[in-house]
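**Student:** Please find one structure pasted underneath; my questions will follow.
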């Protein structure tokens with residue numbers, strides 16, 4: 001885009017309103033679905049059908065405040081403190097193993113005053129920032145030397161071990177794909193991944209085979225109907241919910257499966273209730289919203305690259321990969337395409353930690369967009385000044 005067009009667009013649209021618009025619709029849909037899917041379980045557990053909705057609204061408010069603060073922080077701050085941010089994440093992962101709250105056999109949450117904080121959500125944003133800084137600093141080496149890529153094995157290996165000890169296989173997988181995607185965008189050759197992914201994949205397969213818990217998840221995912229009232233119960237109920245929606249859904253608030261038939265209907269399996277109430281058309285619209293987020297994040301990243309703002313561009317790419325990958329996995333789990341991962345549907349599922357970190361991630365992307373627009377305007381002013389002289 002010519003500089004003059006860029007300047008005019010930056011003056012008219014000081015921030016990416018397509019991204020803000022898609023996010024606003026997702027938030028609205030998310031609150032609607034948390035309200036609908038949690039009515040029965042809220043009434044049963046707390047005697048208040050709005051309990052989970054009110055907590056989600058509080059988390060959204062907290063996330064918006066955090067996003068506003070992050071939007072005001074220059075990206076140079078994150079570039080300077082990327083290492084400290086990652087170390088804080090590792091320390092929190094150790095603390096959660098010692099002091100964490102165990103839910104459904106996993107120690108993933110640190111009990112705090114306002115919420116149970118899921119540290120793996122913090123690690124996702126910490127990894128994006130750390131990778132952006134590393135790749136910005138070692139861009140040439142990453143493209144030419146396998147050593148520059150394998151150097152990441154130590155910090156991320158420690159992180160992966162701590163995550164798997166919780167255990168949190170889903171977040172480990174998401175973070176691994178984020179790292180891979182950012183490396184590819186930075187120009188790392190494919191052969192580097194063949195040399196690293198194959199041994200890691202072999203190790204993961206061995207972990208699944210030797211763990212009855214993980215093996216049961218894989219078996220249930222492959223054929224949930226073989227045990228519809230036992231290990232396959234949750235997935236079969238999710239599939240029933242999705243199937244009931246047909247083309248146009250049964251209507252907002254009219255889901256049957258949310259009436260204590262489908263466990264975790266307001267968290268990891270909220271998508272199935274959404275599909276039941278909104279149907280295939282609603283699912284297509286939801287997918288379009290996530291693709292819009294991905295496109296806008298990648299567009300912001302590309303424009304940052306065009307201004308040689310590689311750190312900010314990589315953050316935008318990393319956050320885009322994170323949001324859409326997690327959405328795809330969650331939808332796939334609900335539709336029986338992937339084993340259960342324990343991942344939320346971004347901006348939709350109930351969960352304070354996820355909402356908070358996602359808002360911070362999007363705020364960083366908006367900050368990238370803001371600084372890129374400012375750089376374009378400054379460049380155009382310099383050019384006009386030189387022309388007058």
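In case you wondered, yes, glycine gets a Cβ from its N, Cα and C as well.
Swiss-Prot feature annotations, pasted as is:
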type	residues	note
TOPO_DOM	1-14	topological domain 'Cytoplasmic'
TRANSMEM	15-35	transmembrane segment
TOPO_DOM	36-57	topological domain 'Periplasmic'
TRANSMEM	58-78	transmembrane segment
TOPO_DOM	79-84	topological domain 'Cytoplasmic'
TRANSMEM	85-105	transmembrane segment
TOPO_DOM	106-111	topological domain 'Periplasmic'
TRANSMEM	112-132	transmembrane segment
TOPO_DOM	133-144	topological domain 'Cytoplasmic'
TRANSMEM	145-165	transmembrane segment
TRANSMEM	169-189	transmembrane segment
TRANSMEM	192-212	transmembrane segment
TOPO_DOM	213-268	topological domain 'Periplasmic'
TRANSMEM	269-289	transmembrane segment
TOPO_DOM	290-310	topological domain 'Cytoplasmic'
TRANSMEM	311-331	transmembrane segment
TOPO_DOM	332-344	topological domain 'Periplasmic'
TRANSMEM	345-365	transmembrane segment
TOPO_DOM	366-389	topological domain 'Cytoplasmic'
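Show me how these features fit into the structure around them.
**Tutor:** Across all of the topological domain 'Periplasmic' (36-57), the predicted model scores a mean pLDDT of 95.
Taking Cβ pairs closer than 8 Å, the topological domain 'Cytoplasmic' (79-84) reaches residues 129-130, 132-134, 136, 311 in its own chain, all 6 or more past its ends.
Counting only same-chain residues 6+ beyond the ends of the topological domain 'Periplasmic' (106-111), those with a CB under 8 A from a CB of the stretch are 92, 95-97, 99-100, 117-120, 166-168, 342, 353.
Residues 59, 62, 78-79, 82-83, 85-86, 88-89, 92-93, 95-96, 100-101, 155-156, 159, 163, 166, 168, 171, 174-175, 178-179, 182-183, 310-312, 314-315, 318-319, 322, 351-354, 356-357, 360-361, 364 of the same chain lie 6+ residues outside the transmembrane segment (112-132) yet bring a C-beta within less than 8 angstroms of a C-beta in it.
Each residue in the topological domain 'Cytoplasmic' (133-144) gets a DSSP state, and the totals come to 11 helix, 0 strand, 1 coil.
Same-chain neighbours of the transmembrane segment (169-189): 120-121, 123-124, 127-128, 131-132, 135, 139, 142-143, 149, 152, 156, 159-160, 163, 197, 200, 214, 301, 314, 317-318, 321-322, 325-326, 329, 341-343, counting only residues six or more beyond its ends whose CB sits under 8 Å from a CB of the stretch.
Counting same-chain residues at least six beyond the ends of the transmembrane segment (192-212), those with a Cβ under 8 angstroms from any Cβ of the stretch are 146, 149-150, 153, 164, 176, 180, 183-184, 218.
DSSP labels the residues of the topological domain 'Cytoplasmic' (290-310) in these numbers: 18 helix, 0 strand, 3 coil.
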**Student:** Which range out of 58-78, 145-165, 269-289, 311-331 gives the transmembrane segment (85-105) the most CB pairs under 8 Å?
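**Tutor:** Looking at each of 58-78, 145-165, 269-289, 311-331 in turn, the most contacts to the transmembrane segment (85-105) are made by 145-165.
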**Student:** Select the range from 58-78, 145-165, 311-331, 345-365 that forms the most Cβ-Cβ pairs under 8 Å with the transmembrane segment (269-289).
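**Tutor:** Per the Cβ under 8 Å count, 345-365.
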**Student:** Same chain, outside the topological domain 'Cytoplasmic' (290-310) by at least 6, Cβ under 8 Å from its Cβ: which residues?
**Tutor:** 16, 18-19, 22-23, 26, 132, 135-136, 139, 185, 316-317, 319-321, 323-324, 327-328, 346, 365, 368-369, 371-372, 375-376, 379
**Student:** Counting Cβ pairs under 8 Å that are 6 or more apart in sequence, does the total for the transmembrane segment (15-35) and the transmembrane segment (345-365) reach three or more?
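**Tutor:** Output yes: the transmembrane segment (15-35) sits against the transmembrane segment (345-365).
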